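Here is the structure we will look at.
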Amino acid sequence: MNKVLILTKMMMKNAEPAWRVEKGSGWKTALLLIVIALGVLPMIGSAVLVISELYDGLALIGQQGAILGFGVAMTSLVIFLFGILYILSVFYYSKDVEHLLPMPLAPGHILGAKFTLALVYEYYTAVVFLGPLFITYGVKSGAGIMYYLLAILVFLIVPVLPLVLAALVVMLFMRFTNVKKYKERFRIIGGLIGLGIVVGFQALFQRQSSGSEFGIEQIQQMLLTQENGLLGFVTQLFPGSNLAALALIDSGTWGSLGYLFAFLLVAITGIAAFLYAGTYLYFSGVMGMSESVAKRKEVVDTAFAKLVQKRPAMLAYALKEWRMLWRTPAFLMNCTLSSILIPILMLIPLLSRRDSGEMISFIQTVMQKGSAAGMVITIAFAAFLIMGAMNSTSVTAISREGQGFFTNKLLPMPYRDILLAKLFPGLVLSAVSMLLLLAEAVWFLQLSPGFIILAIASGIPGLIFINMVGILVDLQLPKLRWSSEQEAVKQNLNPLFPLVIGLMAGGLVVLASFSLGTSMLGTALGIIVLFTLINIFLYRLLVTKGPGWLEQIEG
């Protein structure tokens, strides 16, 4: 057990927390924590309001306990989906695997340490979902101290079983397939499959929530005739979640301790099964993970000349950045494909509703009012701005270099050109998101050509603004120490900065338009002038101060 703890500590030290910065940079840490709070608090506040309303509604029919069951079940499902990616990253694609295998460590030590590290990552996910749920339920129900003690224990146990199941699925797959030779392709396919599952669940719940087959009266009648009927129904989403919910619902009784003990026993059994199966499955599947497959073909003179053709230095560097985004699975999923998929996924809540036609007609009616034309332009601008902020390409442009960042200091080109070249991929992907979102709006809302031109003209300065903010943030808080590419983008809190700034800037623009009541043309011109001036200031800051900041970064 001692070796497991030591090995876990070493792995966690190598995988630094996303909020850690260099020593002597206390103001950066404080600023980062403030931005985290600004980004997380509104989400938590919204969750608390929703849970509170659900509690009040279900309490009328004595089924408020279903909130806990549904929350635990959905959290377990999310942890299982994320767990597949974490298990692949920590167990198979981490760079420490080839160093640990020759060491005098028992299989259980390596498995236990890696499982603990993945479990810590899952606690970050669990606290976002279960924290507001448990606290809000406790406050609304007037629960005592026993409830909160049990809630802490349940919180610690909940991620175990989903992660065990995810680990067993991955180990079985990696053991009996030859996919490790095509690991880059498998990461992409696995990520797309996981995304498809999440999207499918989202569409299903949207469809059911907007359906008209089951009215509230029929649901209440069903629940009134079945004690804890809703709890039993919602906890079918994931095994074991009913035990966690019952342990909290009956807090303060001996029954709650029995349910908690049963839940703990299930988790311990799962860990034991994982360690036993991992001894036979993991090490056979992880062997040769550092190998890769390459196509062997003769490069003729014409193809070679095309590969080594002369280009301007800035363009060549920008193309290098662009290729890395497409060739690295973690960067492809989190930077490139997200720019394409997020605008498309935004259609799902609308199209999956049975009353989508009425909603589209209502939006068209509002847009046809002359008094709302300026407001619609600002809403479009805010949507483009937030969409650009959700793209983490520019804000991780330096972090993605990792320990190889120092090679930038050896290139025969000015730092100014390097920074501007790093800005190029983010701008292109943000523009793609803007055009996709606008194309969807044109298709469904039948927008006029004048509106389209003004929306694009006002959106471009916003995209330049948010991408330059991202580069400046990454210059100040680069995350260069990571053991896998996923850490550079998924365990990096820098993207919160442009997201919070984008939300605030977009909200202020919409609020100003609502207060002033300007026309569509006047609103668009105001946005263009304002953000062009801001961009000029940010550009001067980037090209004058940026090279010095880049020089101070140590790879």
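Sequential numbering from 1, following the chain as shown.
Every residue gets a Cβ built from N, Cα and C, even glycine.
The transmembrane segment feature in TrEMBL is assigned to 65-94, 115-139, 145-174, 186-205, 259-283, 330-352, 372-398, 419-445, 451-475, 496-514, 520-542.
No contact links the transmembrane segment (65-94) to the transmembrane segment (496-514), because fewer than 3 Cβ pairs that are 6 or more residues apart lie under 8 A. Only pairs six or more apart in sequence are counted, and the transmembrane segment (372-398) with the transmembrane segment (451-475) gives three or more Cβ pairs under 8 Å, enough to call it a contact.
Tallying C-beta pairs under 8 angstroms between the transmembrane segment (520-542) and each of 259-283, 419-445, 451-475, 496-514 places 451-475 first. Among the stretches 145-174, 419-445, 451-475, the one making the largest number of Cβ pairs under 8 Å with the transmembrane segment (259-283) is 145-174.
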